[in-house]
């Protein structure tokens, strides 16, 4: 039952380029601001972190929850979004 | 051991491998996460080790009751073994604080010693109790005095139901016997 949001579909459909971090599925205004404060102002920076964690979904969701205070649902959504993007473009 | 912040990246990496945590490179952004995972793993290791000990202790308590119950019956053997249990328990908890290696070493030693000594006791007592009980029950019929209230030794049908069924069958047969017509006075009397 993977009902992906429009945001998710938009993100995984094309290379992310310079998209802001709020373009990621599961990352809204509040979480986006917190991530920018930590230095992750662009989506590719979060992608970099995902890759550093060896594309491990669990580690990444844990990191995202610790860094931005995301809840499990948003963190999982972001993780899945990045995973699918990597499947297509990495 | 919790001064993870002071360790070098290499040491963090080694610790992660030790705990079997899959990880990527230790970078400034990933380090905090790995330190947190290491702390969780350390805390979990320290927590899970005592709880199997607790189950050992619980079992040990039950076995101690077996041992002490049997000391009037049998002489030196079990009671002599009871004492090492009592002694080894405080000794074991002291070792807990001293060193991790001692800890892991004493635990298999403890468990293996317990297994050697306990299992014959544990196996003997319930089997002997379960074999000894049914024979007096069958012979004496209804009036059985329960001398010791041991736990149910794994019967499918509870004992009281067996008693009840036996009584019902016996009563039924008795009832039939009473209502039988005596063979001496035959019903076919000649009308005189």
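The count begins at 1 with the first shown residue.
Placement of Cβ uses the backbone N, Cα and C atoms for every residue, glycine included.
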Of the residue ranges B:55-76, B:77-98, B:99-120, the one that TrEMBL records as region 'Disordered':
B:77-98
Across the domain 'LEM' (B:1-45), what does the pLDDT come to on average, as a whole number?
87
